[in-house]
Amino acid sequence: MKIFDYEDIQLIPNKCIVESRSECDTTIQFGPKKFKIPVVPANMQTVMNEKLAKWFAENDYFYIMHRFDEEARIPFIKHMQNSGLFASISVGVKKAEFDFIEKLAQEKLIPEYITIDIAHGHSDSVINMIKHIKTHIPDSFVIAGNVGTPEGVRELENAGADATKVGIGPGRVCITKIKTGFGTGGWQLAALNICSKAARKPLIADGGIRTHGDIAKSIRFGASMVMIGSLFAAHEESPGETVELDGKQYKEYFGSASEFQKGEHKNVEGKKMFVEHKGSLMDTLKEMQQDLQSSISYAGGKDLKSLRTVDYVIVRNSIFNGDRD
């Protein structure tokens, strides 16, 4: 089994067939809708909120609303769908969440996307929730996770998941790998590669993305969609407190299983950090799209499919050549 991560890989260019990178198409059909880029912000409180969710939907970007304000979910679905936009929510696996799904069915509220959002998604509770959703609201596109093995992907797909999230603890504010000894931190890209061999349905690569080039690498190794937290945090439009440290502006960014999110010091597998203010989120999205268009042009194609077949080399932890600050 080849083990590697994002910084160990360089993709090998093919002959370019476009005059300009602007000819390259970055769109992706994911579930019932088509999106501008194969990227989704992490469903975390310091990355996504209702205002941003609406802007993303209006502008043909995928989003997943977090699940940490449970009472707000039904009004959110109604507001989005009454505005002619798609609703994409998250659920957990506690008993109340099973009741919540039944309530949606009773009220004939059918979110276009439901993400079952659990740190260790290869579990009976997630399998039961997938089946529960598919029984009561079969028209919702169900994303389940997170997993780190082909067995996990297969079991969730067999239960009825329409897409699976791959990644156990590789994120910047996730400390699962340190607290538990388990996870895909340090080999997330290889885990994605292995999982893709078993997958029959789309995969979302979740965690460990540090550069825009990592998006192209994720697609090469089997992802249809790439979930990103830290690169989307700390923008003007981002949720989270802005603080000034040594004359510079920062925003807080914390993990979904951190004490800052939970409000208590119990079962903590996330940490909090301050990320330097990055300016406009719209500028970052535009730059991501342009960089991905460049990636496609280097792959010798005109759309995302061309990235899936490029050759690569493994250059252990050396692609930055010491260029890190």
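Every residue, even glycine, has its Cβ placed from backbone N, Cα and C.
Some features that Swiss-Prot has for this protein:
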type	residues	note
ACT_SITE	Cys174	active site, thioimidate intermediate
BINDING	203-226	NADP(+) binding site
Near Ser218 (NADP(+) binding site), which residues of its own chain have a C-beta under 8 A away, given they sit six or more steps off in sequence?
Leu189, Leu192, Ala205, Ile209, Val226
Let me check the 10 A CB neighbour count of Ile215 (NADP(+) binding site). How many other CB atoms are there?
28
Take the C-alpha atoms of His212 (NADP(+) binding site) and the residue listed as 'active site, thioimidate intermediate' and report the distance between them in angstrom, rounded.
20
Output, ordered by sequence, the same-chain residues six or more apart from Leu203 (NADP(+) binding site) with a CB under 8 Å from its CB, or 'none'.
Val153, Ala163, Thr164, Lys165, Val166, Leu192, Cys195, Ser196, Gly222, Ala223, Ser224, Met225
Look up Ser224 (NADP(+) binding site) in the DSSP assignment and report helix, strand or coil.
coil
Taking the Cβ of Asp206 (NADP(+) binding site) as the reference point, list residues of the same chain whose Cβ is under 8 angstroms away and which are at least six residues distant in sequence.
Ala42, Gly145, Asn146, Lys165, Val166, Gly167, Gly171, Met227
